[in-house]
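According to TrEMBL, the features are:
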type	residues	note
DOMAIN	61-545	domain 'K+ potassium transporter integral membrane'
DOMAIN	562-805	domain 'K+ potassium transporter C-terminal'
TRANSMEM	95-119	transmembrane segment
TRANSMEM	186-205	transmembrane segment
TRANSMEM	225-244	transmembrane segment
TRANSMEM	256-276	transmembrane segment
TRANSMEM	303-326	transmembrane segment
TRANSMEM	333-353	transmembrane segment
TRANSMEM	373-404	transmembrane segment
TRANSMEM	457-478	transmembrane segment
TRANSMEM	485-505	transmembrane segment
TRANSMEM	511-531	transmembrane segment
Amino acid sequence: MVLTAEKDDQWEVVDIESGLDGASSVVDRQDSLFREAVRGGHHSAGAGQYEQDSWWRTLRLAFQCVGILYGDVGTSPLYVYSTTFDHGVGHPDDILGVLSLIIYSFMLFTVIKIVFVALHANDDGDGGTFALYSLISRHAKVSLIPNHQAEDELVSSYGKQGKPSATMRRANWLKHLLETSKAAKISLFLLTILAIAMVISDAVLTPPISVLSAVSGLKEKVPGLTTDQIVWITVAILVVLFAIQRFGTDKVGYSFAPIIMLWLLLIGGVGLYNLIKYDVGVLRSFNPKYIIDYFRRNKKEGWVSLGDILLVFTGTEALFANLGYFSIKSIQLSFSFGLLPSIFLTYIGQAAYLRRHPEHFADTFYRSVPSPLFWPTFILAIAASIIGSQAMISCAFATVSHLQTLSCFPRVRILHTSKRFHGQLYVPEVNLLLCVAACLVTVSFKTTTIIGKAHEICVILVMIITTLLMTIVMLLVWKISIWWIALFFFIFIPIESIYLSSVLYKFIHGPYVPVAMSVVLMVVMIVWHYVHAKRYKYELKHTLSPNKAKELLEHHDLKRVPGVGLFYTELVQGIPPIFPHLIEKIPTIHSVLIFVSIKHLHVPHVDASERFLFRQVEPKEYKVFRCVARYGYRDSVDQEAEGFVLALVESLQYYIRDVNLYTVDEIQSISYPISRDHSLSREKPSGRHGIYAEEMITPIQSFSELTTLSNGVSNRLPQFQASKMNIAELAKIEEEQKFIQRETEKGVVYILGESEVVARPQSSLLKKIVVNYIYSFLRKNFMQGEKMLSIPHGKLLKVGISYEI
């Protein structure tokens, strides 16, 4: 047991305010196809004015998302042809075949699958693989950690909708399979973390290939530059790129959008110029016959080149994952009328140039740019590649944050860099590792060809896993016709499998690099999650029984000291076994003791009014409570400790009043508001016995309101138990609330359990290596719990205990 009094480093952690600017927030989000809600305040104007305002916001978001979402996919034309024709152009019509493959693959996988289907499979506005997993987790209990509470489903953003009965049998069958089969749970978990590991690996490869391909254009004007010089210029730019991550990108939408917009207009204009100047006949590539001819002519080499076509889609996963910043309509609008025509014109124009100059396959992009436009193109290419890399780096930071909510990653400091732009994160440790890895990749491979082939495996595996998870969402959540689901699955899985086979054939020529990185990441995730789950189950099995807890609290040697003690535990039910260990060492507890559990739900956000669940531990006179603080996977947990305590104590006082004011039947039948700012209400589940005090309710503000409620509110509430209570009982409740407040003012001490986990002596050698060495190394070399929770070191008490699992 250690009492720490160190001075923590000073970090500024900024609270998040939802919205993209001060005047509005994200609008028109859609929850998994069935819900599209307007966020950002209610309008008293008429429907016509509101519709006009909504369209104005959509247009504004459409402009902003150009800067955030399209940097990576918009820079793919820098290197796609040079990677695909790395051995030269064999036949003139091969150019038409590759262009036809680019056009139809882009339309199928990016436009149809992602932009017009996958964006609807979002989690209350948030996209990406993790959001799909969270969406599935809300409809089936697939978590490997047994911390599910029925009260969690009462959170307003949980959003489980009813569906037509004709499809319920199939959905219930899948739900039963996922919940009862451990193999299904593990498979789903492994698929999710594999996709996440590939996204992080993609964040390592995207900056080198984008920046290196842009910088390589210098050879056109400075022929004397060597490959090594190009590489070190790229490394210098990468170091600067990662160094500025700590400052955040506060006005990212408005700052980056004009640059990417100029880039898209420029490359689209150059493409149109090349099409007219060199060969309008390349438009024949819209005929899919040229794809068939390409494979018939090239056979095995044509199949192998399929993997290179995947570079056209790089950045698509970031587009889906960053949906939370925008709306579906804004992305579809800007994509259809901005990115799509520009990208197509660029690829078509380069194909037209190659038809005339097939010998320039290695540097098609810059060779096809007219000489007067070279330097503007070069400068914009560097800027666009940096912006595209920025999007993938930010995606990696958000991914690590999501992993921690799944208890799959060691503790790292996650800083929020913007007050106004929700979800902008900075993770110093991850940023450093990404920087080192990106520089090593650049120095080792030197050319975009090899890096491009390494990049391909990330793109295709994320695509396949997205298809599999979306199929489960269609079956379990959407519950649409089986024919639509079969059509989706049997179109995308076979085609994506062919692309995967092409990538795996070239495994030793580049794809092994991201696979190796992903294996390391997955080992870290699996080990951390495995030990965490084992430790949780051990603590759950050894929780104190109510009788044991009562006996412990009533022990005559136990002393009470002034103040409030917050005892942090990961258990969401019961008293942890580390508590009697504390009493054994120091037979003293505070006047008010609260067992606090930080819990992450499978929802993006939890409203502040639904944050806390409480239950009082018997005997009541000892003022011992259990509290579960619930957060969504996009909510900030590292808020200042003082603000957290104030919110917790305020909610505790509401709980004390409510649990005494209502009878059992009234608590079960009353309809509670879900937020102080909304008029929606939620019915409590019926058929329960006893006061389920864990269910947090939004209470009446004061006792005086019992007699001054407006008619609208009082009609919704049953007769208060207060009418049956005398003044003395009401005064007792008020005195109890004041007691809590007085003890809070006397001081708060944070008690943190530090449990050392070791494998049992009779465990297998593999388990001993995993628990005693790998997990122990990760735990000792990453951040401690008090820093994650922003606990002042001068008020921290650590309690150490060892578990054998």
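The backbone N, Cα and C atoms fix where each Cβ goes, glycine too.
The stretch in 225-244, 303-326, 485-505 that contributes the largest number of Cβ pairs under 8 Å to the transmembrane segment (186-205) is 303-326. The list of residues near the transmembrane segment (485-505) in space but at least 6 beyond its ends in sequence, with Cβ under 8 angstroms from a Cβ of it, reads 108-109, 113, 117, 303-307, 309-310, 453, 456-457, 460-461, 463-464, 467-468, 470-471, 474-475, 511. For the transmembrane segment (511-531), the residues of the chain that approach it from at least six positions outside its boundaries are 144, 189-190, 193-194, 196-198, 200-202, 204-205, 403, 406-410, 437, 441, 453-458, 503-504, 757, 770-771, 774-775, 778, 805, judged by C-beta separation under 8 angstroms. Summed and averaged per residue, pLDDT over the domain 'K+ potassium transporter C-terminal' (562-805) gives 70. The list of residues near the transmembrane segment (256-276) in space but at least 6 beyond its ends in sequence, with Cβ under 8 angstroms from a Cβ of it, reads 63-68, 70-71, 74-75, 77, 249, 282-283, 338-339, 341-350, 352-353, 368-370, 373, 376-377, 380-381, 383-384, 387, 390.
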